[in-house]
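I have placed the structure first, in the form of structure tokens, so that the comments after it can refer back to it.
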Amino acid sequence: MACQSSSTRPAFLLLLCFLHGSASAQLSSTFYSTSCPSALSTIKSSVSSAVKNEARMGASLLRLHFHDCFVNGCDASILLDDTTNFTGEKNAGPNANSMRGFEVIDTIKSELESKCPSIVSCADILAVVARDSIVALGGPSWTVNLGRRDSTTASQSAANISIPPPTLNLSGLISTFSNKGFTAKEMVALLGSHTIGQARCLTFREHLYNENNIDATFATSLKANCPSSGGDSKLFPFDTTSPTSFDNAFFKNLQTHKVFLHSDQQLFSGGSTDVHVNAYSSNLSTFRTDFANAMVKMGNLSPLIGSSGQIRKNCRKVN
């Protein structure tokens, strides 16, 4: 269909051209079905292997996607190393000394480049990896829409501003997620991912030593390995009951005040989100469904599409 503007072209044809152009610029679950038909199976195989080798990697890979999308959209900016032109996001406050899984992404990208050179974007890899990681840990699956392109720059300052810190109160959490288009219910579902993964002593010391909305026995057990000073990088599983299973135990832990982060406990603190915590605690199926839907929504945050950005050959650097 020739879609150049023309004064003689019927209006309905111009409308069809417009609609066709709009549709072609949207993400699609079948984006690589012809250009790289082995893309999804290649990613799934690598993720399954990585998570089988180290269960914690599943949470780390999910976190890469989350911290990428919350900073100027899902554009793989988090994967870029620093250059003389910009300071990247890897050493921003929320990411420094804690963000990991880059080597897994490198391996996947290398495999895809050998099969389908310059076809599959790093941003799409992150989106698929997040889904496959959750599945590998027993969580729900969802259809990942594809067609994102990669950014040509990154912003440490944007990462410091956009990613919610563990010190936020409920109103701050709701505001931060609302700014990205999420409802409070969707926020609770997404934070339910803290049923897997680990937290550093540094991130919950304040909650542990200076707040009283934490189970006393639970706090005492943590203090033995997370001192009031020092040991910042010591790791603790978010969910001590089933740390490598994507279930709804996190919400049960919230109800008994046995969670690590101040921001997490805010979800069940007599406020407006208590109802969602109670619902997810009592119904695993509802949580799985809502989490999957919220992940689809997160993956659609301001993607670069069409002619924007590029398809990086190496996820760590611009072409």
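Numbers here mean position along the shown chain, with the first residue as 1.
Placement of Cβ uses the backbone N, Cα and C atoms for every residue, glycine included.
TrEMBL has this to say about the protein:
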ACT_SITE  HIS67  active site, proton acceptor
BINDING   HIS194  heme b binding site
BINDING   THR195, ASP239, ASP247  Ca(2+) 2 binding site
DOMAIN    26-319  domain 'Plant heme peroxidase family profile'
SIGNAL    1-25  signal peptide
SITE      ARG63  site 'Transition state stabilizer'
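In the predicted model, the domain 'Plant heme peroxidase family profile' (26-319) has a mean pLDDT of 97. Apart from THR195, ASP239, ASP247, the Ca(2+) 2 site neighbourhood in this chain, defined by C-beta within 8 angstroms of the site C-beta centre, holds GLY192, HIS194, ILE196, PHE238, THR241, SER242, PRO243, SER245, PHE246, ASN248, ALA249, PHE250, ASN253.
Once Cβ contacts within 10 Å are tallied over all protein chains shown, the binding-site residues ASP239, ASP247 are led by ASP239. Restricting the recorded positions ARG63, HIS67, HIS194 to those with a CA within 10 Å of the CA of ASP239 (Ca(2+) 2 binding site) leaves HIS194, listed by sequence position. Every protein chain shown contributes to the tally, and the Cβ of THR195 (Ca(2+) 2 binding site) ends up with 28 other Cβ atoms within 10 Å.
Across the fold, the C-alpha of ARG63 (site 'Transition state stabilizer') and the C-alpha of HIS194 (heme b binding site) stand 10 Å from each other. Around ARG63 (site 'Transition state stabilizer'), a 10 Å sphere centred on its CB holds 22 further CB atoms from the protein chains shown. Its own atom aside, the Cβ of HIS194 (heme b binding site) has 24 Cβ atoms within 10 angstroms in the protein chains shown.
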